[in-house]
Amino acid sequence: MPTFGSKLLACLLLSSVILVSGQFEHYLDSLRASELYEFEDGSLGSIHLLPKGDSETIVLQLEQPIHFYGEQYEQLYINTNGILTFNSEFPEYLNQPFPLEYASIAAFYSNVDTSFSDEGTSISLFESKEQSILDRASSLVRYAFSSQSEFEARQVIVATWRNVGYFDSKTDRLNTFQVALIANEQSTFVQFIYPDGGLNWLQGETAGLGLPDIRAQAGFVAEDGRFYTLNGSGSENARFLSESTNLGVPGVWLFEVAPIENEQNVRSPDNAESLTESPALALSCQAHAHQCHEKAECHDKAEGYCCVCGSGFYGNGKSCLANDQPIRVTGTLTGELNKQPVSEEAKLQSYVVTSEGRTYTTINPLTPELGAQLRLVLPLLTTVPWLFAKSVGGVANGYQLTGGVYTHVSRLQFDSGENLHVNQTFEGLNYWDQLSVKIEIYGEVPAVAADAVLILPDYVEEYTFERPGELKSVQVLNINITEEQRVLGLQVEQRILYRSCLRDDEADPSATKVLQKISKVALDYVERDQALRIGAMSKVGVTPESNACNDGTADCVENSVCVPYEDTYRCDCYHGFAAQLDERGVEVCLDIDECATGSHVCDENAVCDNTEGGFNCYCTEGFEGNGYRCLSNSTADNIEYPPAVEGQAEPTSEPSPNPSPYPDQGQDQEREREDDQYPQPNPYPYPEEQIPQHPDECYRCSKDADCYQGRCTCHEGFDGDGYTCTNICGHGEVWENGRCEPLLLERHDVDPLCDALGECRCPYGYELSEDSQRCTYVQEFDGERNADLIPCDVDENCHINATCNWYGQELRHICTCQPGFRGDGYNCDPISDDSCAIRPDICDVHADCVYEEHLGKSECQCQAGYTGNGFNCQLAAECQSAEHCGENAFCDDGVCRCQADFERDVSDRCVPAGRCGSVFCGSNAICKWDSAEGVQYCDCLDGYQGDALTGCTSKPLSCHVLNNCGIHATCEPTEDPANYECQCIAGFKGDGYVCIEEQNCLNNPTLCDMNAQCRSTNSGLVCVCNQGFFGNGSLCQERQHQDSDFLIVSQGVMIARVPLNGRNVRPISVAQMAIGLDKDCVEGRVYWGDISTKKIVSTKYDGTDLRPFITTDIESPEGIAIDVISRRLYWADSAKDTIEVASLDDPSLRAVIINKQLVNPRGIAVDPYREKLFWSDWDRESPKIEMSNLDGTGRELLLGKDDVTLPNSLVVLENSGEVCYADAGTKKVECIEPQNRQIRTISNELSYPFGITFTHDQFYWTDWTTKKVEIVDSLGARQTPIQPPFFGSHKMYGMTVVEQHCPQYQSPCQISNGGCTDSRLCLVNRQAPSGKSCKCTSASTGCTVLAPGY
């Protein structure tokens, strides 16, 4: 990296070759062009100093107007952040490239912060008419511009930023720079001065939040949008503004900025004698070292120079990136695919994990048709992986060759005849260090379905250097489409063009070939997100047989072995070693001290001696044996030992110089490793005479042997005579399934993650110890899944009830379920616990859940000012002495009171009476008078927001200016078009800064029952039960065959089943006074309301399995209607005058939806297809039929007293949506179409119709006078009525029909109560943004119940 001294030397050398005539050399010296203008004490006018801070501004009212471009200005603002603006205040730093929205002059526009600077730091502005300054400025202009030989300056305005730091309050590096406006009545010139050594930082620090700051920008912006920037502006080369020049003096720049014609821009000096560069140094490091990246070195060559990235960085020298740092790629798409234009709204976003060569790319928004076909545009998949491929053997990847600036041209030819051209232009890093690309697509690809799964197997592509700066590749590929049982064959031709720079010591790469491996390819279109998601891993420099363990890319520590694993590798510690983190946080393999940990198997009469990677056992004095079994000497003397086997150590009682009891074991292992076949252990390898003759001789067996009937036999995986057993497998291996297999990395305890309450949790696969201090490994972790997913710290792919946390022992971010939930972090299920940390609702509303360390759990504790056990808290005395009451107050019998002439304000403080009402207004707020209420109040000033009592703060800039939305979010206008806010894109939820992927059945198939499928609907992705099953999708039950084609009729005290042919009528249940009823065709049950017992009950169609449904807070349920799709039961209570609803699956979830302007509600009907509810009201003065949405909103009058008299029961015709009703006053059965309000009469001149239903194109109704079930077809022709026997009273009330057809549709409320909380009931409302509303239930206490109806 070039040092300050080398830079200074380069500058001196550069200045030495500037050839100017003696006349002009003397002239430049006399002009003191590189010296800062200073305000001298006693000078005319005054100097303005900016306050310390990071967004300050002051205004200078100009004595003489100044011209800039084609405009004239009288005010000039100076801003902390290195910029001057005309007539407009511009205090905030905007992280966006030029042009800005203001007419401005930027000397060094950057995130300046002087909040904690010392006295040596200042930002000043002064206007001078001192003759010495005017003469100096005039001479400079006359010298630089040949047309200004008569120029005389009338004023010089100077702004200086001296020793300023950068955001956030950093002062370790300081910048100094100046801008001078030199003007007369018509012309204006701007001089920038950057002193030698004055530029030491380029951008502020954002602490990883949002986009990084753009590097300093220098230039001009006109009011009409024209702009001009200096060389290096907004890039790393901005640091050379103090060394470059357009005038001949390093660090000094001069421009003419007025007058400028409409089609022109600012002008640079034109004096030909000002600078002449030496041809010898035109292409040398002395002249152009600053063209290299700051982390690169410049190398001269015979002709020209090359830039080479330094250690720890990679690139082409002009652009260098830090090793292993993730990078983002952003791009746009244009063109035409399959004769359809590619949406220019579609944006490409890639996230590259460079340390792994893994790329994740998203393109959205895309229509399903376009997204499905774009999956076949393979260059979208392969180009970014080529750039950032993992290098093998030092082979350069794409970024090392190009620095991110190149052209990629592709042609795809499909076997089916289609041709496609793709041109990609990579423009290098943008202002925010994101790689920018423009993509053009023209041609056709084969048609594939959006839901078809495309499989592209791993493949190796070959690139050939045609010449330096040009690569070519031709590859034949096959894409498998399993659902369609077809294979798409295609040929991909690629050509890459870039500017190459070969050092003299580098060979010409022409005709050489490089192999790149593409693996783990994903080609998915997600319709919910309107997004194409593609991903891949890539390595460059591979061979067809290479893997990470043999190509040199693996990096394993000592005492570990490299094991190829899928497309990467893992490092497993040798047996006897365990993985631990050293003081640097690096995982190393350290010896396990089995003797200290107690994991050895030595005899209790033996001494354990730890060794590197193992341990030895030695019998203590007075005992003999192999250390794993030791007997006293007296016992051992009576035992006959078999002859010693060669290589077997004699039993000892003291450690020998070579303490290993198996001296040949290492040699045996070496021989065994050389064998191609693993030897199979022989359980009886030795002659019969070696079998022990005494049962106690089993103690002589090896620790790796068992004793069978007095015979020592080595364990599986060991070889020997039973007395000495050697391990067949080497270090890091284990005998399994008849061969040696690599030993997986041992799992060790990890630290738990604990919250502020002390509640701790463990990652998936670990269990919290009883003392909550450690997480112990209990089951295998699905590492493969983690490897295939985008890291959770990148894509926020954890479950909604999980967080993404770093676990140092695992060296990765892991999704961890939150307290109260259990799972792998991608799926978290609630667990039951009596702790308030799990169930905070058990605490009193005036209590907090606090973790008590001595109890080891959380408990409820009353808040300050309350007493009790935490479950029940009562108000405590407010005070016991004046000390408890604060300033200007005293304690009066347990109550704090204000002193005389003081009164309480809204923040409960005692303040002097008067002022603004009874309070003092905070900063940036004023006192206003509300004439309507007759009171004073504090309000924030315009441009400020917040609490006017405690102080108002300036309104922050919105995201369309700051560009600070998070990943998976966009900046969208609010209802006020002037304001913007960050909003998560479809499929994600959050505050727009952190967006978490919503859990759905596509990314979590376990949400669906095994008898359900994940379907895309207008409501999003939902689980839908398969044909023949019913349920909410997460639980599906097989539909039982139900009897059909019969009526169920209420006779008051009896419920009767009436076949449509009128025969075999039979009672199915007894009631006291059942009026309205309806059926649930899904479960084969009939529900009715009993106005005498004040209940709603149900039975099966045959009368069995009687169950209560609603038994409390119900008076007179005269009408019953069931929505079988959303699983809701509605009823009309004529005593309470309400319309209510409850969940069929959980009747405790019930709500009142209408309770206003009802007199005598009777009949009720639901249309689940069109999502409408209808009811009749027997109000004698104003009878009516009304309708509403299913949640009670949108209430409308359908029919009034002019159309109905005594409307009883209602029925909705499924096909047409008509509402039909029986009117005992008009003695008609009529129907009305709710949309156009057209009425048609089905039958008239009736007696007293009450209940009504419809099936098989026929209407059925009960008649109180004829005491029959009357029938008429849809054309109005009367049919033979049914005369059922009467089992109860002689009146028939409500009725319903059981048909074979039972609807099976989706509803937003089907699954998990539609996502509503336990205190709310989900009800369908398509007019709501989510397609549903969450109604407060009748039993909820912490839910604000809005007045239903109107």
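Quick reminder: no glycine exception, Cβ is built from N, Cα and C everywhere.
Listed in Swiss-Prot:
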- 281-321: domain 'EGF-like 1' (DOMAIN)
- Cys292-Cys307: disulfide bond (DISULFID)
- 325-550: domain 'Nidogen G2 beta-barrel' (DOMAIN)
- 545-583: domain 'EGF-like 2' (DOMAIN)
- Cys602-Cys617: disulfide bond (DISULFID)
- Cys619-Cys630: disulfide bond (DISULFID)
- 645-691: region 'Disordered' (REGION)
- Cys792-Cys804: disulfide bond (DISULFID)
- Cys798-Cys815: disulfide bond (DISULFID)
- Cys836-Cys849: disulfide bond (DISULFID)
- Cys843-Cys860: disulfide bond (DISULFID)
- 912-953: domain 'EGF-like 6' (DOMAIN)
- Cys959-Cys971: disulfide bond (DISULFID)
- Cys984-Cys995: disulfide bond (DISULFID)
- Cys1001-Cys1014: disulfide bond (DISULFID)
- Cys1008-Cys1023: disulfide bond (DISULFID)
- Cys1025-Cys1036: disulfide bond (DISULFID)
- 1127-1170: repeat 'LDL-receptor class B 2' (REPEAT)
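Reduced to three states, the DSSP call for Cys602 (disulfide bond) is coil. A distance of 9 Å separates the Cα atom of Cys630 (disulfide bond) from that of Cys602 (disulfide bond). It is Cys1014, among the disulfide-bonded residues Cys959, Cys995, Cys1014, whose Cβ has the fewest other Cβ atoms within 10 Å in the structure shown. For the repeat 'LDL-receptor class B 2' (1127-1170), the list of distant contacts is 1032, 1076, 1078, 1080, 1082, 1087, 1089, 1096, 1109-1110, 1114-1121, 1176-1182, 1188, 1190-1192, 1195, 1207-1212, 1214, 1217, 1219, 1221-1222, 1234, 1303, 1305, 1307, 1309-1310, 1313, 1321, 1323, 1335-1339, 1347-1350: same-chain residues at least six beyond its ends, Cβ to Cβ under 8 Å.
It is 9 Å from the Cα atom of Cys971 (disulfide bond) to that of Cys984 (disulfide bond). Here the CA atom of Cys836 (disulfide bond) lies 7 Å from the CA atom of Cys843 (disulfide bond).
According to DSSP, Cys836 (disulfide bond) is assigned to coil rather than to any helix or strand. Other C-beta atoms found within 10 angstroms of the C-beta of Cys617 (disulfide bond) number 22, with every protein chain shown included. In the three-state DSSP scheme, Cys792 (disulfide bond) falls into the helix class. The Cβ of Cys1001 (disulfide bond) has 22 other Cβ atoms within 10 Å, all protein chains considered. In this structure, the C-alpha atom of Cys959 (disulfide bond) lies 38 angstrom from that of Cys1008 (disulfide bond). Comparing Cα positions, Cys984 (disulfide bond) lies closest to Cys792 out of the disulfide-bonded residues Cys292, Cys617, Cys619, Cys792, Cys860.
Among the disulfide-bonded residues Cys792, Cys798, Cys1008, Cys1014, the ones whose Cα is located within 10 Å of the Cα of Cys1036 (disulfide bond) are Cys1008. For the pair formed by Cys836 (disulfide bond) and Cys860 (disulfide bond), distance between Cα atoms is given as 7 Å, rounded to the nearest Å. The Cβ of Cys798 (disulfide bond) lies under 8 Å from the Cβ of Cys792, Cys804, Cys815, Thr816, Gly825, Tyr826, Ile996, each on the same chain and at least six residues away in sequence.
For the domain 'EGF-like 1' (281-321), DSSP puts the residue distribution at 8 helix, 15 strand, 18 coil.
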